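**Q** Before I ask anything, here is the structure I am working with.
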Amino acid sequence: MAQITITLPDGAQRMYEAGITGGEVAADISKSLGKQAIACTLDGQFRDLSRPIENDAQLAIHTIKDEAEALELIRHDSAHIMARAVQEIWPDVKVTIGPVIANGWYYDFDREEPFTPEDLEAIEKKMRDIITLRDPVRTETWERARAIAHYEAANEPFKVELIDAIPEGEDLRMYWHGDWQDLCRGPHLAHTGQVPADAFKLTRVSGAYWRGDSKNKQLQRIYGVAFRTRQELKAHLLQVEEAAKRDHRRLAKEMDLFHLQEEAPGMVFWHPNGWSIYRGLEEYMRRRQIEDGYKEIRTPQVVDRKLWEASGHWDKYRENMFITEIDEEHANEKRTNALKPMNCPCHVQVYNQGLKSYRDLPLRLAEFGSCHRYEASGAMHGLMRVRGFVQDDGHIFCTQEQIQEECAKFIQLLSRVYKDLGFDEFKIKFSTRPDQRIGTDAEWDVTEGALESAIKSIGMDYEVDPGEGAFYGPKLDFKLTDAIGREWQCGTFQVDSQLPERLGAEYVGEDSDKHRPFMLHRAVLGSFERFIGILIENYAGKLPFWLAPRQVVVASIVSDADDFVNATVEMLRKQGIRAEADTRNEKINYKVREHSLGKVPVILAVGRQEVENGTVSMRRLGEKQSVVLPREDVLATLSNEALAPDQVAR
RNA sequence: GCUGCCGUGGCUCAGGGGUAGAGCACUCCAUUGGUAAUGGAGAGGUCGUGAGUUCAAAUCUCACCGGCAGCACCA
């Protein structure tokens, strides 16, 4: 037998006979390491402990203390153990795939009857039984033909399909624990007992299409979460609960912001409080854009199909459009209209009025345009995905040479806005020419080059997403990160030469010939509805003072203070602060609790002492302490705080 | 759109073939209380819509509408 040298991470070298396994090396190093070892990394490759080592190599043994590796394996093995549990309980259920995902895993099954919550409990129990067995995991490499024959005999059609999709020449690896077998890339734990029996939980079951394609059969997907310890699992479940508390749909009820009802699915009924946030945001955006040279316009919502045919929407986007027909009794001719799903064709109409000169470019048209899209019923989600929404839309008509500067200007605007709204971090995705595209390669070189050098000139990192651009041009997408680490794609910047062409936009150049302008589609927030949803969840309802719908409640402690309270509210309102009086016959505890739950940033309590001294007792949301201050001082402080970020003197 | 679950007073939810329940909110009365729920009384629902089964349907069946989770979609 040949001798090989194994080098450990600390540099120590050990000699073994070729063919020794990682597990054996671990056991040789120490008895306890042998027990604790879960997998190894051999020359940079993450592997099973049970696989033999044939040559000199660098070897690192992993235990449950190596968080990343341990979680990966625990979740992966949990998926397999769950699949085995399911097949032990229901032998005729077909298995498919079961990858590791954030916090856990899922596994897709083909079974006629749906899994019930009781089934999930039974599966969890069976999984614990399998863990208790401490079955060793073993693995073999199989010939393709043998694997196919095996799965055909076992009547597992999905596995056969998976093997067919694996490129020729790649090893097929089989894994077993107990009698249960699965095709898998691996690696896996040393035995099933290494999955902590008290740190996983099956969370839900749902439908999922085979290979993610809605034309395929729908399978049943069971999701689970798994960690190294029970504490970690509990912490995770707690965090999920905390995230649920931020749910904007729930907060909207508590704060009385808006509602949705079935007569208008996906269309928002804004209440005074919610509309106040909306207006605050819109007015802020308006000021920011005017500052940046945009001209605001307003275009129709109901537009004849002719325009949509010309723009290409009738062909490519019709199934997402609300179509209307005018009642013939009231119209001389029958016309088919559509509610606009986008503003761009209308903006070209505005551009096209009157002859444009190169001196007019860049022309920046902005519209808080109300759009309607017929979203699939299952796609709607509170404010995040609606059928009627308003975009902070804008289209910049410009020459090729101006693209770069406009892009840089836009990114500056966007980062300023995100920062003002509390999002310091965002990512840029640069999507390049797709296979299905129009325009020449030379044109794409120009637009892609302009976009890329614009980002570079700003010095920001970005990720290239090859082939993901729009059919008419490359684009940038902007993803912000919220307070709990979630990413939301909001802003977009797209270069388009197609629509100006189709809708006949032109300008007279220096050479006095007519030219086609480029059109840049851009949005910072995306839609007001969605962005407000994001804001609410980001701040957990505790919006910054300038956006808070009810900024101040002045509450009386005794009814003798009511006049003073009302006078104070009047003064606040005169300064443009959204203030309300609470002179109800309730105790101050009750009022403080109610307005705290309602996320009012400032409560001013007034009792006898305050009336006598001309002071108010100010309590800020989230603070336990209150401070007694002269009323004038509070008025001055608050009116300063009420300024939007762009109005604050620097 | 697909799969599963859900739809009971303003809100959160219990109940379940035979006069509809709770807590909170609301109204009234008492209470003037110092920073996260004062006490008492009262009012409020044809149980998502439609059809079917039944002597009898909020309850069972079917269809539809809407919501929730996930999938698909989101140029």
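Glycine too: its Cβ is placed from the backbone N, Cα and C atoms.
Per TrEMBL, the feature domain 'TGS' maps to A:1-63. The domain 'Aminoacyl-transfer RNA synthetases class-II family profile' annotation in TrEMBL covers A:247-544. Here TrEMBL flags A:C344, A:H395, A:H521 as Zn(2+) binding site.
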**Q** In the same chain, which residues outside the set A:C344, A:H395, A:H521 have their CB within 8 A of the centroid of the CB atoms that define the Zn(2+) site?
**A** A:M342, A:N343, A:H347, A:V348, A:D393, A:G394, A:Q494, A:D496, A:L499, A:M519, A:L520, A:R522
**Q** So among the binding-site residues A:H395, A:H521, who's got the most Cβ atoms within 10 Å?
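**A** Highest number of other Cβ atoms within 10 Å: A:H395.
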**Q** Run through the domain 'TGS' (A:1-63) and tell me, per DSSP, how many residues are helix, strand and coil.
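**A** In the domain 'TGS' (A:1-63), the DSSP-based counts are 14 helix, 27 strand, 22 coil.
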**Q** Over the span of the domain 'Aminoacyl-transfer RNA synthetases class-II family profile' (A:247-544), how high is the average pLDDT in this prediction?
**A** 91
**Q** Validating a neighbour-count step here. Other CB atoms within 10 A of the CB of A:C344 (Zn(2+) binding site): how many?
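**A** Here the count is 24.
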**Q** If you run the three-state DSSP split on A:H395 (Zn(2+) binding site), which class comes out?
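**A** DSSP assigns A:H395 (Zn(2+) binding site) to strand.
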